[in-house]
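A quick write-up on the structure given underneath.
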């Protein structure tokens, strides 16, 4: 871990949400240098599930070598914020560092998020950060080591981070936008930065979100405390940065990050908002964004007669040069389409449409019978034999992948049933011995229902309804996402992080199922 250097001795650090978790860890790290800590948090009485109050935190800070000032602060209340700032200045003579750590979270989609919860997240995350910063800035400007640090993510506009928890993302990005604006506004006077973990951090909030056993996939709060300490040591010129904890600690010479793991060597859960796990992120993006749009574009070329009957598409020589396709607004507005050059080449190299079996893996496309008939692609070579003779082989039927049998046109229930059939065929006594778990799947949406996968009974069992033995893990998701997950198009980790998959029960056994899925993907 990062050693203390005494750099913060005598500095006053104002931390919101410092009674427990990450806020308290940062406070204790600074206290070891002899810093003055203002504990700005709500909790004054012990909670049966949430350990720690502003007073117990003050005792720990004093024991670590710092001086503590516990203040009752709800960051939604501007008067409480201003009162705490006044007390801090009166007690310690000023404020040198502000840590905006207080946060509210609800990983629910738009229709499932009550207005009251939306207001809470906006008020605590965005408004609370803004008001606390505003109250502290006049005093920070007088400090020689002035820092504002927001616990917020990089501004990543990948739609996957908005889709399943739009309100939370907006509220959290509001904190990040404070960094973006204030860093420039107070450049040369105050260093303003954001800090975000690469992996999940074990806190009370994570226990509530992930359930029992999630801690083994997390790192300790110490990694955030060390990263924050590294930032505080830097000059005011170090500003406007969106910092990942692991990256800045690597700069400090930390190489072994197992020291921060709750369970060293155990796979870690990636945190939200980071596209730093390319395989997982691309699988997730394909599961709802670029691939469906690509397929819709192709289906329009095949199914909408007006596109094929337009004489300019057949007669204009520009078709071979494809300026129109490159200039179409809808293609340019979709960055993911620009990343797939084969989309521009497909009118000349139509066989690529058949080389992408994943197009048939999407249930919504198979529900359109036109895709099976495909009369238009057979007519195109006849209409333009001189321009594209290479298209003549296109109508020849291609071998269908095994997934075609998993995804019948209708209904989704059939896809789920067929998926379980193939899963059953993939089981063995060896798999059962290695897993020893019963999984229950609560599938929502069209033709949803309850299914189970029993990997405790000899040979393994699958079926519709609840298992005979109590399930060790209950997974809730949409039927469509279930099929994608078992066919390898959607990784369980990313489904969980994006809110598509909800897990109750033993997380370690859920991870075992993910490994089993990887093994079965070759058959699915």
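Each residue, glycine too, has its Cβ placed from N, Cα and C.
Noted in Swiss-Prot for the protein shown:
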- 17, 18, 19, 20, 21, 22, 23, 42, 74, 172: NADP(+) binding site (BINDING)
- 283-300: compositional bias 'Basic and acidic residues' (COMPBIAS)
- 301-391: compositional bias 'Low complexity' (COMPBIAS)
- 414-521: domain 'SCP2' (DOMAIN)
- 42: N6-(2-hydroxyisobutyryl)lysine (MOD_RES)
- 116: N6-acetyllysine (MOD_RES)
- 424: N6-succinyllysine (MOD_RES)
- 283-410: region 'Disordered' (REGION)
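Structural mapping of features recorded in Swiss-Prot.
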residue : record                         : DSSP class
17      : NADP(+) binding site           : coil
23      : NADP(+) binding site           : helix
42      : N6-(2-hydroxyisobutyryl)lysine : coil
74      : NADP(+) binding site           : coil
116     : N6-acetyllysine                : helix
424     : N6-succinyllysine              : helix
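The least crowded of the recorded positions 17, 19, 21, 42, judged by other CB atoms within 10 A of its own CB, is 42.
Assigned with DSSP, the residues of the domain 'SCP2' (414-521) fall into helix, strand and coil as follows: 48 helix, 27 strand, 33 coil. Using a 10 Å Cβ-Cβ cutoff, the residue listed as 'N6-acetyllysine' registers 7 neighbours. Residue 19 (NADP(+) binding site) sits 24 Å from residue 116 (N6-acetyllysine), taking the Cα positions as reference. Note on proximity: among 42, 116, 424, the modified residues of the record, the Cα nearest residue 23 (NADP(+) binding site) is that of 42. Looking at the residues that bind NADP(+) per the record, 17, 18, 19, 20, 21, 22, 23, 42, 74, 172, the two CA atoms farthest apart are separated by 20 Å.
Within 10 Å of residue 74 (NADP(+) binding site), counting C-alpha to C-alpha distances, fall the following of the modified residues 42, 116, 424: 42. Long-range C-beta contacts of residue 424 (N6-succinyllysine), restricted to its own chain and to partners at least six residues apart, with a cutoff below 8 Å, comprise 460, 461, 462. Rounded to a whole value, the Cα-Cα separation of residue 21 (NADP(+) binding site) and residue 116 (N6-acetyllysine) is 25 Å.
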